[in-house]
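A short write-up of the structure that comes next.
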Amino acid sequence: MERLENCAQMFQRKFLNEAFRRHCPVLLACIALGGSLLKELSPLPDSYWNNKRNVLNVYFVKFCWGWTLWLLLPFITLTNYKLTGSITKVLRRLSSLLVGTLFWYLCTNLFLYIEHITGSCYESEALLDSIEHQDRKECRLHGGFWHGFDISGHCFLLSYCILIILEETSVIRSIQFERHWHRMAINAQFTALSILVIIWVWMFLCTAVYFHNIFQKVIGTAFGMLAWYITYRWWYLQPISPGLPPASASHSEKEPVYKN
């Protein structure tokens, strides 16, 4: 258990710290722009990471929101209850995950709709001979290649999940442990979320340097950052909202940190 605690402290000190939280939106924007320019001006040679069948893409990125939701659900429950002692406040905070799910659903479907209305079906990726098909599904069913404006869903969701995790894990610095199992459970969840952030940042970088064009990646990243800004920087500050994590709320209101 000591190793787990040391690991959690290391992640808190080196990765999920206040400086990283504050500068992460700028970092993501730089990765999206820098990686896109690298892809356009000096493409990297093929590697394991531009193979869509790589293990992180197949087992993690494909289920990006599921992994984020699955790990944040118990973390928010335990940490928010320890800081507030109120089941009502915990349920209110958990509703932020429903809001995140709604943003994920709406944006994903919007991207698919844009790709549909801007796309056409072709016989191959060379985009030489077009085929008459109504939509992407029908096109692919008949062996065609659908080409439209494909906003990067990876850039959107990875950036959004990274920023959400950073917001929700900010409570870790405010918790004082009295019980061993509290420390063990929360440290384990915090460590898992820290590893997940590292995976998401790495795969965001891989997407930036290997896939899509610059406009598709920048727009996808902008949607992810906008969804985060609308919620955590504006709406969650309002009385009728899921609210900010307890540490963030008390910090912004200049109140003493919650203790249990």
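Using the three backbone atoms N, Cα and C, a Cβ is placed for every residue, glycine included.
Swiss-Prot lists 1-23 (among others) with the feature topological domain 'Cytoplasmic'. Residues of the same chain lying 6 or more positions beyond the ends of the topological domain 'Cytoplasmic' (1-23) and with a Cβ under 8 Å from any Cβ of it are 165-167, 169-170, 172-173, 180, 183-184, 187-188, 190-191, 193-195, 197-198.
Among residues of the same chain six or more beyond the transmembrane segment (24-44), those with a C-beta under 8 A of the stretch's C-beta atoms are 50, 155, 159, 162-163, 166, 201, 204-205, 207-210, 212-214, 217-218, 220-221, 224-225, 228. Sequence annotations record features per position, and here Swiss-Prot assigns transmembrane segment to 24-44 (among others) based on sequence analysis.
Sequence-distant contacts of the topological domain 'Lumenal' (45-57), counting only residues of its own chain at least 6 positions beyond either end whose CB sits under 8 Å from a CB of the stretch, comprise 199, 202-203, 206, 210-211. What Swiss-Prot records for 45-57 (among others) is topological domain 'Lumenal', and it gives a curator's inference as the kind of evidence.
Swiss-Prot lists 58-78 (among others) with the feature transmembrane segment. Proximity of distant same-chain residues to the transmembrane segment (58-78), defined by a Cβ-Cβ separation under 8 Å and at least 6 residues beyond the stretch ends, is recorded for 52, 90, 93-94, 96-97, 100-101, 104, 154, 157-158, 161, 164-165, 168-169, 182, 185-186, 189-190, 192-193, 196, 199-200, 203, 245.
Taken from Swiss-Prot, the feature topological domain 'Cytoplasmic' covers 79-93 (among others). For the topological domain 'Cytoplasmic' (79-93), the residues of the chain that approach it from at least six positions outside its boundaries are 171-172, 174-175, 182, 186, 242-243, 245-247, 258, 260, judged by C-beta separation under 8 angstroms.
Residues or ranges marked as transmembrane segment by Swiss-Prot: 94-114 (among others).
According to Swiss-Prot, the topological domain 'Lumenal' annotation covers 115-144 (among others).
Residues annotated as transmembrane segment in Swiss-Prot, with sequence analysis given as evidence: 145-165 (among others). Long-range contacts of the transmembrane segment (145-165) within the same chain, counting only residues at least 6 positions beyond its ends with a Cβ under 8 Å from a Cβ of the stretch, are 16, 24-25, 28, 32, 61, 64-65, 68, 72, 100, 103-104, 107-108, 111, 114-125, 127, 133, 135-136, 139, 193, 196-197, 200-201, 203-204, 207-208, 211-212, 216-221, 223-225, 227-228, 232.
According to Swiss-Prot, the feature active site maps to HIS154 (among others). Note: HIS154 (active site) has non-local neighbours VAL61, CYS64, MET203, PHE204, THR207, PHE211, GLY220, i.e. same-chain residues 6+ apart with C-beta under 8 A of its own C-beta. For the recorded site, HIS154 (active site), the DSSP three-state label reads helix.
If you look at the topological domain 'Cytoplasmic' (166-189), the same-chain residues 6 or more away from its ends with a CB under 8 A from one of its CBs are 1, 4-5, 7-8, 12, 16, 18, 20-21, 24, 71-72, 74-76, 78-80, 82-83, 96, 197, 228, 232, 244-248, 250, 257-260. As annotated by Swiss-Prot, topological domain 'Cytoplasmic' applies to 166-189 (among others).
Annotation source Swiss-Prot lists transmembrane segment at 190-210 (among others), citing sequence analysis. For the transmembrane segment (190-210), same-chain residues at least 6 beyond its ends with a Cβ under 8 Å from one of its own Cβ atoms are 4, 7-8, 11-12, 15-16, 28, 31-32, 34-36, 38-39, 44, 49-50, 56-57, 60-61, 64, 67-68, 71-72, 75, 152, 154-155, 158-159, 161-162, 165-166, 168-169, 172, 217.
Look at Swiss-Prot and you will find 211-231 (among others) tagged as transmembrane segment, backed by sequence analysis.
The active site annotation in Swiss-Prot covers HIS212 (among others) and rests on sequence analysis. Taking a C-beta cut-off of under 8 Å and a sequence gap of six or more, HIS212 (active site) has these contacts in its own chain: SER36, ASP150, SER152, CYS155, GLY220.
As annotated by Swiss-Prot, topological domain 'Cytoplasmic' applies to 232-260 (among others), with the evidence given as a curator's inference.
Here the topological domain 'Cytoplasmic' (166-189) returns a mean pLDDT of 80 for the predicted model. Per DSSP, the topological domain 'Cytoplasmic' (1-23) is made up of 19 helix, 0 strand, 4 coil. Look at HIS212 (active site): DSSP puts it in coil.
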